[in-house]
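Notes for the one structure printed next.
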Amino acid sequence: MLARKGLLPDGFLLTRLAEDQDQPKSTRTRAQRARFITKTGSCNVAHKNIMEQGRFLQDVFTTMVDLKWQHSLLIFTSAFLCSWMLFAMIWWLLAFAHGDLEPRDPNGEPGPVPCVTAIHSFTSAFLFSIEVQVTIGFGGRMVTEECPMAITVLIIQNILGLIINAVMLGCVFMKTAQANRRAETLIFSRNAVIAPRNGRPTFMFRLGDLRKSMIITATVIRRTVTAEGEVIPVCQLDIQVENPLRSNGIFLVSPLIISHTIDRGSPLYEMSAHSLAAEDLEIIVILEGAHFLHSRGNPVGRRFVSIITEEDGRYCVDYSKFGNTVPIRMPSLSAKELDQTRGVQDSGNDSHLQRERREVERGREREREEGEIDRKEGEREERKREREERRGERRGKEREGEERERVRGRERRERGERERRGKRRERDEERKRRGRKERRREKERVRVRERGEKGEREERVKRERKREGRKEGVDWRERGEKEERKRREEGEKEEGRG
């Protein structure tokens, strides 16, 4: 699933994932034997002509756990429906026997106390059965003290309902808790290799990205013919596996190479490179109950490249090289033939030993060259990563500079906007002050003009009164003085109001 989504490189192989089935199979001249374990991790075995199938019913719980989900859900639903229908029939029969289904008195007189209230038909009995078993309790129907048999049926239905709930929920929990999908988190190399290690041919594969796991066993499955001519189509042979921790417990903080030394006790002891490629062979590794199946065409004379480097005081794992291998020089003989060859060379002259030493020296030289190539490749990768990091830092600094410039520009615009708003407020206040001054001056001019007009009128009135006073005498002068005082007071009042 993860490989299809592009989260993992193509060199990875997730267990129980049949990616190889989508790829075209290589055509071979000879028919290839069927796999014993499929790439999905299931056993490729069909059981036929089973006589005593009733044995499955002797262990009902395990049989239900092993059923498919649609069958389990069908049984789950049927169990509850059947129990509800059964007890609905029992409640209806109790009500019928007690006479609770007979029509009531139309005059409204109280009749006999029923066994269960509000049961008038089979439908209401079915609803009451559901309410009792699943403890809904709507409150409309309930058991009374009239019928002891009804109380007994109530107790039996409650107990049976609890048993059905426990069994059904236990089956569902067991099906969901099965570790069938545990192998999805395990990654191992697509191919296994055979290469010399410590002077012995060694079968190896790489395992990575595990939780706490333990290798239980490893098995070789092949077709075998006995000395009497009997053909055994599926013959299982155990092989001893080793890991760098020298124990069966594996805790993978980094990927490890699991190896099997091909010695006298190994099923691969008598197989050469040609016979290994020509023979149908399966190697199955069982890890925490999950089956892992390696491809049957294991490359001989290759080894895994190193994927662990030390950077900045910590170890880094390059998963892009997880399944990569490099060719090495290795004879195509079987381990048995190599042992025999070594024995002949030991009994021969010194020239054979010298040639062997030269071969060893050449092998060491090639290993040094390969190590140098790996080191140079690692240095190139390191320089490339450094360039990418520097480029990323430059881009980050440029983005930071652009962000700072944007912030400064935003601050300048905000400052200019504040200054413009302040100047606009000052101009508005200045216009308001000028308007108030103009209005005060205009009012002052109006008051002065009004006072001048009043003074002229008063002078005219005085002159007229003087003329009239001369005619009318002293009384008129007194009246004029009073009016003068009155007008003066009114003028003072107007000035006070202005």
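Cβ coordinates are placed from backbone N, Cα and C, and glycine is handled just like the others.
Small disclaimer: the values here were computed from a predicted structure and weren't measured.
Sequence annotations record features per position, and here TrEMBL assigns compositional bias 'Polar residues' to 342-351.
Positions annotated as compositional bias 'Basic and acidic residues' by TrEMBL: 352-432 (among others).
Residues or ranges marked as compositional bias 'Basic and acidic residues' in TrEMBL: 441-498 (among others).
Per TrEMBL, the feature domain 'Inward rectifier potassium channel C-terminal' maps to 186-341. Averaged across the domain 'Inward rectifier potassium channel C-terminal' (186-341), the predicted model reaches a pLDDT of 66.
According to TrEMBL, the feature region 'Disordered' maps to 334-498.
Residues or ranges marked as transmembrane segment in TrEMBL: 73-94 (among others).
TrEMBL lists 149-173 (among others) with the feature transmembrane segment.
Remote same-chain residues near the transmembrane segment (73-94) are listed as 64, 67, 115-116, 119, 121-122, 125-126, 128-130, 132-133, 147, 149-150, 153, 157, 160-161, 164, 167-168, 171-172 (criterion: CB distance under 8 Å, separation of at least six residues from the stretch ends). Across the range of the compositional bias 'Basic and acidic residues' (441-498), the DSSP-based residue counts are 56 helix, 0 strand, 2 coil.
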